[in-house]
């Protein structure tokens, strides 16, 4: 990435002096003094957590009193609210019920109710295949999941060669799964078109969102992006679509040598391979654990270099091509083709999450600088677009 190595907090200030040609011309918003992410839990949320655990888990959970249940917020979610629910030590287990679970409450539902049903089915299938946490309960507002002793990876750990290779292998195995969902790759542009229409239909009070749409000519730009990707070969596989550090758990008590687990499948679908890899590379830049407004940091210089991308690609292809014998020339061509594929689909990642964040700004109750983040993603889009020498002649 063509940027200096200093940390950039947030994106440019919406409505300020902007340039869509790169990040360096953008003005970052002034941090809001002493504004930190809240970790408090409302009494109503505590009560509802108790009711769901009691009803869906049964056993010892029915014997514990509401005030005895430990409900602690889990940081890291930008789409949902997460809580760790635990039984008190003095309440004995009665059977095979878990003693602690993860409660996921849906945030602003942008995908539609049908997508939530499909996600729950997907979650259950992956759990049965030991590829994800167990599912303990599903209800309209969210679900109860297995709490895994683990921690999410940190943004800077994505650059670690050993971890990067392991993530590539994990992604390749995910891509090789057969799932009972439509194989037509409509998810990417279908979702972006819906997001854009929802943004355009926002009330007139949502002026900052309208400014972003007009500033970047997003409708026309989406058509340009579609033309580029239509001319970019990329296999359709079952994609996670959100492999960022917060969705990769480092297990404390793994059942095998494989100590990484992918979680959060709400955006998973059959999609183009290039999007999943390009999206992961974009996430090398963003740290969502920043504790002050806008609650993320962007470091453009951390976008993976050519060599870092090749390391990932080689581990990915090694898993996909198990048993195949390729000449050195064939292998090199595959690597070069994949570099081009990824660089183009990385644009789609910026565009997708830029639209997503613009819409979240008008709906979400999660403390996060959604508009600042949207602007950062769109600026990255235009910067990386300008670096694609073959953009106009794919």
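The backbone N, Cα and C atoms fix where each Cβ goes, and this holds for glycine too.
In Swiss-Prot, the annotation region 'Disordered' applies to 22-42, one of the ranges 1-21, 22-42. The least crowded of the binding-site residues 75, 79, 150, 244, judged by other CB atoms within 10 A of its own CB, is 75. For residue 147 (ATP binding site), the same-chain residues that are 6 or more apart in sequence and have a Cβ closer than 8 Å to its Cβ are 84, 98, 100, 101, 102, 133. For residue 81 (ATP binding site), the count of additional Cβ atoms within 10 Å of its Cβ stands at 18 [all protein chains shown]. Remark: residue 78 (ATP binding site) has 288, 360, 366, 368 as non-local neighbours, by Cβ distance under 8 Å and separation of at least 6 in sequence.
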